[in-house]
């Protein structure tokens, strides 16, 4: 759900997002806006619920259709879904897949890949038609395709640090970068600044909508607020689908309820957690998302020199369980600490509140934290969430009385791939 409490946005904003071509003149804005190089775009909003209609509308304005050559690295759940969405795009399509890379094999054709009747997965796994992965050669091959009227885009659907470290090289070669990979934008500030510099030098853009909230319009909303001159006061929200599910079920406003360990165990069985639940309960994922958001706000861009490690983060992993390597053993031991979490729930209930694991970016104070907080039973974080939804509130000068709220599924292959696809459509 994408809500606005301002009359000027009485229409459902969700209708605008996937195919919106924002019209702003970014020439005088700092590179920290994550908008890539300075560009000027037409005052043109494609307000359609159907992205195909929007694309056709955009194409009709241009006298010549651009060709966008796409290389996809990572063909797991999100990567496979993205490729399927890309192949399903109707003709005439500006998109041409020139490369696919798994962790072991790759396909490349500078004129565009043509898949056999058995499909791209079969072609990629076939050693007679594919070759070992060679990223330097791929970069050289993609760079040779960069020319006027023919964009080249690298779509990184991995969670690899190694690939993220190569973003500056791709950008300097004129290759645009789109990714749901949080590593490059939430790591060391030096890498992030190198990405900014490379983008400005070569005029290649990098887009990262899907790094926060999957397909939800979180990053684009924040960038637009900043670019149009609004003053962001605070961003707060439930950014983790895992934490959302756990506390929506554990803390409902009542003093009693299911044990914390049982809720975590069910979440793991349903696939909401990582194989080792500590990887979610330690708060690192939320800290990474807060880092990405804060770097889109000019005054906070350099506030986290070591990225997510600089975020004030409260881990929910009991200290006695921090050294446990296996997820099964962690789940077996977690009931030992149910009394502690039950006490927290009871204390919140006595105050008429619920527990939620939230992320906060307070611009005025410079505080950036991921923590377990208490919210009144009437608060949107208590009343609006269901399942594993994300909810993000933007408190700004324009949205002063009531914040702008973005809510919906913040995880899953289909919606994450949609976020990647929406970034790709911005390059058309």
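Along the chain as shown, the residues are counted starting at 1.
Placed from the backbone N, Cα and C atoms, the Cβ positions cover glycine too.
Feature annotation from TrEMBL assigns active site, proton donor to 289. Under a cutoff of 8 A between CB atoms, and with a sequence separation of 6+ in the same chain, the neighbours of residue 289 (active site, proton donor) are 182, 186, 211, 212, 213, 239, 359.
Other C-beta atoms found within 10 angstroms of the C-beta of residue 79 (NADP(+) binding site) number 24, with every protein chain shown included. What TrEMBL lists as NADP(+) binding site is 74, 75, 76, 77, 78, 79.
For 158, 182, the entry in TrEMBL reads NADPH binding site. Note: residue 158 (NADPH binding site) has non-local neighbours 73, 74, 76, 79, 181, i.e. same-chain residues 6+ apart with C-beta under 8 A of its own C-beta.
The Cβ of residue 274 (L-homoserine binding site) has 14 neighbouring Cβ atoms from other residues within 10 Å, across all protein chains displayed. Annotated L-homoserine binding site per TrEMBL: 274, in sequence order.
As annotated by TrEMBL, domain 'Aspartate/homoserine dehydrogenase NAD-binding' applies to 74-207.
The feature domain 'Homoserine dehydrogenase catalytic' is assigned by TrEMBL to 217-425.
Residue 77 (NADP(+) binding site) sits 14 Å from residue 274 (L-homoserine binding site), taking the CA atoms of both as reference points. Within the domain 'Aspartate/homoserine dehydrogenase NAD-binding' (74-207), the DSSP-based counts of helix, strand and coil residues read 54 helix, 26 strand, 54 coil.
Each of the binding-site residues 74, 76 was scored by the number of other CB atoms within 10 A of its CB, and the lowest score belongs to 76. Residue 78 (NADP(+) binding site) is surrounded by 25 other CB atoms, counting those within 10 A of its CB over all protein chains shown.
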